[in-house]
Amino acid sequence: MDSNKRLKTDIVKGGHYAANLDAEADETYDEQFESLVHGMLVRLGEDPRREGLTRTPLRVAKAMDFLTSGYGVTAEEVVKGALFEDDCKEMVLVKDIEFYSLCEHHVLPFFGRAHVAYLPNGKIIGLSKIARIVDVFARRLQVQERMTNQIADALMEIMNAHGVAVVTEASHFCMMMRGVQKQNSSTITSAMRGTFERNASTRAEFLDLIRR
Ligand SMILES: Nc1nc2c(ncn2[C@@H]2O[C@H](COP(=O)(O)OP(=O)(O)OP(=O)(O)O)[C@@H](O)[C@H]2O)c(=O)[nH]1
Ligand SMILES: [Zn+2]
């Protein structure tokens, strides 16, 4: 559907898609999705015709499209051409990249920060592209471990880097709002590739930098 494509394109560009879509608020966005949300509202005992809920199926369809927009794009596509030849040999680290994802078990948010480092091998990458790669994999139904690994593998492949290190720290709503109901736990997962995997002092330098 055209509106779907436009939404995904705007999201990929980090654009303010909401303004665009609000102009179309009275139109159907995704009939099938909206009908599922309508059914869910009925199942919850709600009246989908009451004022506050009439546009809710439309809003949920749009929100879910945004939150899963990572399916519509690859890491290579968001990097585009932002790779630059450079003989820098030292570690490049972008830390505290906030992300929001959805756990695949309960479709509830998990969110936190990602720290991503690489050891260049003849080229460097536009720094914002590292954050965009994080979003490509966060905006899907995920488990934190897989998301962390996917970010590391994508960067390793795109850059042919000597090494990549990714650490993510997250809180999971499915452990907070429901289930075990633990409000203060956080989960840390890591993925070490190349030199970061082989060399303890390189790994230690990375871990020290992200702790500061
Ligand atoms: N490893 C991993 N587990 C996750 C992640 N997100 C949610 N989970 C867990 O997925 C598990 C699903 O377990 P189930 O026993 O099938 O589901 P459940 O009955 O809803 O489990 P509870 O959350 O313990 O109530 C839970 O232990 C969640 O905490 C994640 O990113 N990584
Ligand atoms: Zn969950």
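Cβ coordinates come from backbone N, Cα and C, glycine included.
Nobody curates TrEMBL annotations by hand; they come from automatic prediction.
Annotation comment: TrEMBL describes 34-211 as domain 'GTP cyclohydrolase I'. Marked as Zn(2+) binding site by TrEMBL: CYS103, HIS106, CYS174.
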DSSP-derived structure type at CYS103 (Zn(2+) binding site), helix or strand or else coil:
strand
With every protein chain in view, what's the tally of Cβ atoms within 10 Å of the Cβ of HIS106 (Zn(2+) binding site), excluding that atom itself?
16
Other than CYS103, HIS106, CYS174, which residues of the chain come within 8 Å of the Zn(2+) site, judged by Cβ distance to the Cβ centroid of those residues?
LEU102, GLU104, HIS105, VAL107, LEU108, PHE110, HIS172, PHE173, MET175, GLY179
With H, G and I counted as helix, E and B as strand and the rest as coil, say where DSSP puts CYS174 (Zn(2+) binding site).
helix
Surrounding CB atoms that lie within 10 Å of the CB of CYS103 (Zn(2+) binding site), all protein chains:
18
